[in-house]
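One structure is given below, encoded as C-alpha coordinates.
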Amino acid sequence: MFKESFKYYKSKLPLPSLDNVIDFNNVEKFTKKVTKIILKVTNGEFFGLIPISEWEIYEVDQNPGLIFIKNPFTTLGQRYWTVKCLQEYTKKPNKSNLDPLNLVPDNQEWWDICQNNNDFTLLEKLRWITLGYHHNWDTKIYTEENKNDFPKDLGDLTVFFANTLGYSNFNAEAAIVNYYHLDSTLSGHTDHSEMNLEAPLFSFSLGQTAIFLLGGISKDTKPSAMFLRSGDVVIMSKESRLCYHGVPKIVKSNTKSWDITNCDVNSNEISEEYKTVTDLCKNSTLWRPYGDYLSHSRININVRQVLKRGQKRLNSESNENVT
Ligand SMILES: O=C(O)CCC(=O)C(=O)O
Ligand SMILES: [Fe+2]
(Lines of atoms letter the chains of each structure in order from A and count residues from 1; the text may use other names and numbers.)
(Lines give C-alpha, C1' and ligand atoms only; values in the text may rest on other atoms or scores of the structure.)
(Ligands and ions follow the chains in the order given, each with its own letter.)
Protein backbone atom coordinates (compact mmCIF):
# COMPACT_ATOMS: atom_id res chain seq x y z
CA MET A 1 0.00 0.00 0.00
CA PHE A 2 2.83 2.43 0.84
CA LYS A 3 4.62 1.51 -2.38
CA GLU A 4 1.51 2.01 -4.51
CA SER A 5 0.84 5.46 -3.04
CA PHE A 6 4.49 6.42 -3.46
CA LYS A 7 4.42 5.35 -7.08
CA TYR A 8 1.15 7.18 -7.65
CA TYR A 9 2.45 10.52 -6.37
CA LYS A 10 5.85 10.10 -8.01
CA SER A 11 4.38 9.48 -11.45
CA LYS A 12 5.10 12.01 -14.19
CA LEU A 13 2.80 10.43 -16.72
CA PRO A 14 0.02 10.63 -15.79
CA LEU A 15 0.54 13.33 -13.17
CA PRO A 16 -1.21 12.47 -9.87
CA SER A 17 -4.29 14.27 -8.61
CA LEU A 18 -3.34 16.23 -5.51
CA ASP A 19 -6.96 16.54 -4.28
CA ASN A 20 -6.45 14.14 -1.38
CA VAL A 21 -3.16 15.61 -0.20
CA ILE A 22 -3.88 17.20 3.19
CA ASP A 23 -3.37 20.92 2.78
CA PHE A 24 -3.00 22.76 6.08
CA ASN A 25 -3.48 26.04 4.21
CA ASN A 26 -7.00 24.85 3.50
CA VAL A 27 -8.00 22.92 6.63
CA GLU A 28 -11.71 23.61 6.07
CA LYS A 29 -11.56 21.04 3.27
CA PHE A 30 -9.91 18.45 5.54
CA THR A 31 -11.84 18.85 8.81
CA LYS A 32 -12.66 15.12 8.76
CA LYS A 33 -8.96 14.25 8.60
CA VAL A 34 -7.24 16.66 10.98
CA THR A 35 -7.83 17.91 14.51
CA LYS A 36 -6.61 21.21 15.86
CA ILE A 37 -4.41 20.99 18.96
CA ILE A 38 -4.62 23.60 21.69
CA LEU A 39 -1.35 23.99 23.58
CA LYS A 40 -1.08 24.26 27.35
CA VAL A 41 2.02 26.48 27.06
CA THR A 42 1.42 29.76 25.26
CA ASN A 43 4.28 31.91 26.48
CA GLY A 44 8.01 31.84 25.87
CA GLU A 45 9.81 33.00 22.79
CA PHE A 46 12.66 31.96 20.55
CA PHE A 47 14.62 33.79 17.87
CA GLY A 48 13.03 33.55 14.42
CA LEU A 49 9.65 32.20 15.57
CA ILE A 50 6.27 33.93 15.80
CA PRO A 51 4.65 33.99 19.29
CA ILE A 52 3.48 30.53 20.46
CA SER A 53 -0.07 31.85 20.91
CA GLU A 54 -0.20 32.29 17.09
CA TRP A 55 0.97 28.77 16.18
CA GLU A 56 -1.52 26.63 14.28
CA ILE A 57 -1.05 23.01 15.30
CA TYR A 58 -2.82 19.92 13.98
CA GLU A 59 -2.82 16.19 14.48
CA VAL A 60 -3.68 13.92 11.54
CA ASP A 61 -6.55 11.69 12.74
CA GLN A 62 -5.37 8.62 10.85
CA ASN A 63 -1.84 9.02 12.24
CA PRO A 64 -1.89 9.57 16.00
CA GLY A 65 1.36 11.12 17.20
CA LEU A 66 2.00 12.95 13.91
CA ILE A 67 1.95 16.62 14.82
CA PHE A 68 2.01 19.39 12.24
CA ILE A 69 2.81 23.04 13.00
CA LYS A 70 1.99 25.41 10.16
CA ASN A 71 5.05 27.58 9.47
CA PRO A 72 5.76 29.19 12.86
CA PHE A 73 8.93 30.83 11.48
CA THR A 74 9.35 34.49 10.72
CA THR A 75 10.90 35.51 7.41
CA LEU A 76 14.20 36.14 9.17
CA GLY A 77 13.96 32.79 10.94
CA GLN A 78 13.54 30.93 7.64
CA ARG A 79 16.49 32.82 6.15
CA TYR A 80 18.69 32.18 9.17
CA TRP A 81 18.22 28.37 9.06
CA THR A 82 18.69 28.35 5.28
CA VAL A 83 22.06 30.12 5.58
CA LYS A 84 23.11 27.77 8.38
CA CYS A 85 22.18 24.67 6.33
CA LEU A 86 24.01 25.86 3.21
CA GLN A 87 26.95 27.85 4.41
CA GLU A 88 27.83 26.59 7.86
CA TYR A 89 26.58 23.08 8.64
CA THR A 90 28.07 21.89 5.34
CA LYS A 91 31.60 22.58 6.66
CA LYS A 92 33.82 19.90 8.07
CA PRO A 93 33.89 18.09 10.50
CA ASN A 94 30.23 17.56 9.62
CA LYS A 95 29.78 14.75 7.12
CA SER A 96 28.26 15.17 3.68
CA ASN A 97 27.62 13.11 0.58
CA LEU A 98 30.24 15.35 -1.09
CA ASP A 99 33.07 14.00 1.12
CA PRO A 100 33.98 10.89 -0.93
CA LEU A 101 33.97 12.89 -4.16
CA ASN A 102 37.16 14.62 -2.99
CA LEU A 103 36.20 17.74 -4.85
CA VAL A 104 36.66 20.16 -1.99
CA PRO A 105 40.24 21.09 -1.02
CA ASP A 106 40.61 20.54 2.73
CA ASN A 107 41.22 24.14 3.65
CA GLN A 108 38.32 25.58 1.70
CA GLU A 109 34.63 25.85 2.17
CA TRP A 110 32.68 24.63 -0.78
CA TRP A 111 29.84 27.18 -0.50
CA ASP A 112 32.40 29.97 -0.94
CA ILE A 113 34.07 28.08 -3.80
CA CYS A 114 30.74 27.82 -5.62
CA GLN A 115 29.95 31.49 -5.13
CA ASN A 116 33.41 32.82 -5.95
CA ASN A 117 33.82 30.70 -9.08
CA ASN A 118 30.21 31.01 -10.11
CA ASP A 119 30.29 27.21 -10.44
CA PHE A 120 27.35 25.43 -8.84
CA THR A 121 28.38 21.84 -9.64
CA LEU A 122 29.00 21.03 -5.98
CA LEU A 123 25.80 22.69 -4.86
CA GLU A 124 23.85 20.61 -7.34
CA LYS A 125 25.50 17.44 -6.05
CA LEU A 126 24.73 18.19 -2.39
CA ARG A 127 22.18 15.68 -1.05
CA TRP A 128 22.70 15.36 2.69
CA ILE A 129 24.82 16.31 5.63
CA THR A 130 24.84 14.86 9.15
CA LEU A 131 25.34 16.65 12.46
CA GLY A 132 26.16 15.40 15.97
CA TYR A 133 26.11 11.61 15.90
CA HIS A 134 26.64 10.96 12.19
CA HIS A 135 24.26 8.47 10.69
CA ASN A 136 26.18 5.68 9.00
CA TRP A 137 24.12 4.98 5.88
CA ASP A 138 25.65 1.50 5.37
CA THR A 139 25.50 0.03 8.86
CA LYS A 140 22.62 2.26 10.05
CA ILE A 141 24.42 2.41 13.38
CA TYR A 142 25.44 5.49 15.33
CA THR A 143 28.77 5.20 17.20
CA GLU A 144 30.57 7.31 19.77
CA GLU A 145 33.59 7.56 17.44
CA ASN A 146 31.54 8.97 14.59
CA LYS A 147 30.32 12.05 16.37
CA ASN A 148 30.85 15.83 16.57
CA ASP A 149 29.36 18.54 18.73
CA PHE A 150 25.73 19.20 17.84
CA PRO A 151 25.18 22.86 16.75
CA LYS A 152 23.97 24.81 19.78
CA ASP A 153 21.50 26.98 17.85
CA LEU A 154 19.72 24.04 16.21
CA GLY A 155 19.72 22.13 19.51
CA ASP A 156 18.18 25.11 21.30
CA LEU A 157 15.52 25.52 18.59
CA THR A 158 14.51 21.87 18.76
CA VAL A 159 14.43 21.80 22.56
CA PHE A 160 12.22 24.90 22.46
CA PHE A 161 9.72 23.02 20.27
CA ALA A 162 10.00 19.91 22.46
CA ASN A 163 9.34 21.84 25.67
CA THR A 164 6.47 23.80 24.14
CA LEU A 165 4.77 20.60 23.03
CA GLY A 166 5.31 18.93 26.39
CA TYR A 167 8.23 16.62 25.58
CA SER A 168 10.49 17.64 28.42
CA ASN A 169 14.05 16.25 28.61
CA PHE A 170 14.54 16.08 24.83
CA ASN A 171 18.19 16.26 23.79
CA ALA A 172 19.08 17.10 20.20
CA GLU A 173 21.96 14.72 19.44
CA ALA A 174 21.83 13.92 15.72
CA ALA A 175 20.44 15.51 12.60
CA ILE A 176 20.24 14.74 8.93
CA VAL A 177 19.81 17.70 6.61
CA ASN A 178 18.36 16.61 3.26
CA TYR A 179 18.69 18.77 0.14
CA TYR A 180 16.10 18.15 -2.61
CA HIS A 181 15.91 19.30 -6.21
CA LEU A 182 12.54 19.64 -7.90
CA ASP A 183 12.90 16.09 -9.23
CA SER A 184 14.26 14.50 -6.04
CA THR A 185 12.43 11.86 -3.99
CA LEU A 186 13.09 10.11 -0.69
CA SER A 187 11.88 6.54 -0.67
CA GLY A 188 9.80 4.97 2.09
CA HIS A 189 11.71 4.12 5.26
CA THR A 190 11.53 4.09 9.04
CA ASP A 191 14.03 5.84 11.31
CA HIS A 192 14.93 3.18 13.85
CA SER A 193 18.73 3.53 14.32
CA GLU A 194 18.44 5.65 17.46
CA MET A 195 18.80 3.90 20.83
CA ASN A 196 15.97 6.05 22.06
CA LEU A 197 12.87 5.30 20.01
CA GLU A 198 10.52 7.00 22.46
CA ALA A 199 11.89 10.50 21.89
CA PRO A 200 10.10 12.29 19.05
CA LEU A 201 11.72 13.25 15.77
CA PHE A 202 11.54 16.90 14.70
CA SER A 203 11.46 17.89 11.03
CA PHE A 204 11.83 21.45 9.70
CA SER A 205 11.17 22.23 6.04
CA LEU A 206 12.48 25.16 3.97
CA GLY A 207 12.02 26.18 0.35
CA GLN A 208 9.95 24.21 -2.13
CA THR A 209 6.94 22.12 -1.12
CA ALA A 210 7.10 18.38 -0.45
CA ILE A 211 4.38 15.81 -0.70
CA PHE A 212 5.08 13.84 2.47
CA LEU A 213 3.64 10.35 2.98
CA LEU A 214 3.16 8.87 6.42
CA GLY A 215 1.98 5.28 6.67
CA GLY A 216 1.93 2.69 9.43
CA ILE A 217 4.52 0.46 11.10
CA SER A 218 4.28 -1.96 8.18
CA LYS A 219 4.27 -1.15 4.48
CA ASP A 220 0.73 -2.56 4.25
CA THR A 221 -0.94 0.56 5.62
CA LYS A 222 -2.13 3.14 3.12
CA PRO A 223 -0.26 6.37 3.94
CA SER A 224 -1.70 9.83 4.49
CA ALA A 225 -0.34 12.40 2.06
CA MET A 226 0.26 16.00 3.14
CA PHE A 227 1.94 19.12 1.81
CA LEU A 228 5.00 20.31 3.75
CA ARG A 229 5.74 23.92 2.87
CA SER A 230 8.55 26.26 3.75
CA GLY A 231 8.70 26.74 7.51
CA ASP A 232 6.37 23.85 8.36
CA VAL A 233 7.35 21.70 11.31
CA VAL A 234 6.46 18.02 11.68
CA ILE A 235 6.91 16.01 14.84
CA MET A 236 6.82 12.22 14.62
CA SER A 237 6.01 11.11 18.13
CA LYS A 238 4.37 8.19 19.95
CA GLU A 239 2.57 5.79 17.56
CA SER A 240 3.96 7.64 14.52
CA ARG A 241 7.62 7.60 15.57
CA LEU A 242 8.38 4.29 13.85
CA CYS A 243 6.02 4.59 10.89
CA TYR A 244 6.99 4.38 7.22
CA HIS A 245 7.38 7.73 5.54
CA GLY A 246 8.87 9.24 2.41
CA VAL A 247 8.76 12.07 -0.10
CA PRO A 248 7.54 10.98 -3.55
CA LYS A 249 7.37 14.45 -5.03
CA ILE A 250 8.49 18.05 -4.70
CA VAL A 251 6.09 20.64 -6.07
CA LYS A 252 7.02 24.14 -7.04
CA SER A 253 5.53 26.55 -4.55
CA ASN A 254 3.76 29.64 -5.82
CA THR A 255 4.69 31.75 -2.80
CA LYS A 256 8.07 32.51 -1.24
CA SER A 257 7.41 32.96 2.46
CA TRP A 258 11.15 33.47 2.99
CA ASP A 259 10.97 36.59 0.82
CA ILE A 260 8.22 38.51 2.58
CA THR A 261 10.35 41.39 3.71
CA ASN A 262 7.73 43.48 5.46
CA CYS A 263 8.19 42.04 8.93
CA ASP A 264 11.17 41.14 11.05
CA VAL A 265 13.81 41.43 8.36
CA ASN A 266 14.23 45.01 9.50
CA SER A 267 14.28 44.23 13.22
CA ASN A 268 17.22 45.36 15.30
CA GLU A 269 16.77 43.43 18.52
CA ILE A 270 18.81 40.32 17.75
CA SER A 271 21.05 38.70 20.33
CA GLU A 272 24.80 38.48 19.61
CA GLU A 273 24.59 34.73 18.97
CA TYR A 274 22.44 35.21 15.87
CA LYS A 275 23.66 38.60 14.75
CA THR A 276 26.37 37.77 12.17
CA VAL A 277 24.11 35.48 10.17
CA THR A 278 21.04 37.67 10.51
CA ASP A 279 23.02 40.68 9.26
CA LEU A 280 23.75 38.65 6.14
CA CYS A 281 20.07 37.63 5.86
CA LYS A 282 18.95 41.26 5.99
CA ASN A 283 21.31 42.33 3.21
CA SER A 284 19.46 41.67 -0.05
CA THR A 285 22.66 41.25 -2.09
CA LEU A 286 24.26 38.82 0.35
CA TRP A 287 20.99 36.91 0.82
CA ARG A 288 20.38 36.53 -2.94
CA PRO A 289 22.30 33.26 -3.59
CA TYR A 290 20.50 31.56 -0.69
CA GLY A 291 17.11 32.80 -1.90
CA ASP A 292 17.98 31.60 -5.41
CA TYR A 293 18.76 28.14 -4.01
CA LEU A 294 15.41 27.98 -2.18
CA SER A 295 13.51 29.00 -5.29
CA HIS A 296 14.33 25.64 -6.88
CA SER A 297 15.23 23.41 -3.91
CA ARG A 298 13.92 22.07 -0.63
CA ILE A 299 15.87 21.68 2.58
CA ASN A 300 14.67 19.40 5.37
CA ILE A 301 16.31 19.34 8.79
CA ASN A 302 15.54 16.17 10.72
CA VAL A 303 16.59 16.22 14.40
CA ARG A 304 16.76 13.17 16.65
CA GLN A 305 17.69 12.13 20.17
CA VAL A 306 20.00 9.12 20.03
CA LEU A 307 20.70 8.21 23.66
CA LYS A 308 18.20 6.83 26.11
CA ARG A 309 17.34 8.92 29.12
CA GLY A 310 20.25 8.75 31.58
CA GLN A 311 22.56 7.12 29.02
CA LYS A 312 25.88 8.98 28.77
CA ARG A 313 27.43 7.51 25.66
CA LEU A 314 27.14 4.71 23.14
CA ASN A 315 29.24 1.61 23.49
CA SER A 316 30.73 1.21 20.04
CA GLU A 317 31.08 -2.58 20.36
CA SER A 318 27.51 -3.49 21.04
CA ASN A 319 25.69 -0.19 20.77
CA GLU A 320 24.42 -1.08 24.23
CA ASN A 321 23.50 1.20 27.04
CA VAL A 322 26.51 2.27 29.14
CA THR A 323 25.52 4.52 32.01
O1 LIG B 1 12.39 15.37 3.90
C2 LIG B 1 11.56 14.99 4.73
O3 LIG B 1 10.53 15.62 4.97
C4 LIG B 1 11.77 13.68 5.46
C5 LIG B 1 13.20 13.33 5.69
C6 LIG B 1 13.36 12.02 6.41
O7 LIG B 1 12.44 11.28 6.55
C8 LIG B 1 14.66 11.62 6.98
O9 LIG B 1 15.66 12.35 6.83
O10 LIG B 1 14.71 10.56 7.63
FE1 LIG C 1 12.90 9.69 7.92
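Just so it is clear, glycine is given a Cβ too, placed from its N, Cα and C backbone atoms.
Some features that TrEMBL has for this protein:
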type	residues	note
DOMAIN	171-307	domain 'Fe2OG dioxygenase'
BINDING	HIS189, ASP191, HIS245	Fe cation binding site
Practice problem: Please compare the binding-site residues HIS189, HIS245 by how many other CB atoms fall within 10 Å of each one's CB, and tell me which has the fewest. | Solution: HIS189
Exercise. Using the recorded Fe cation site (HIS189, ASP191, HIS245) as reference, state which further residues of the same chain have their Cβ within 8 Å of the centre of those residues' Cβ atoms, listed in sequence order.
Key: GLY188, THR190, CYS243, TYR244, GLY246
Self-check item: DSSP state at HIS189 (Fe cation binding site), helix/strand/coil
Solution: strand
Self-check item: Overall pLDDT for the domain 'Fe2OG dioxygenase' (171-307), taken as the rounded mean
Solution: 95
Self-check item: Counts by DSSP class (helix H/G/I, strand E/B, coil) across the domain 'Fe2OG dioxygenase' (171-307)
Solution: 31 helix, 49 strand, 57 coil
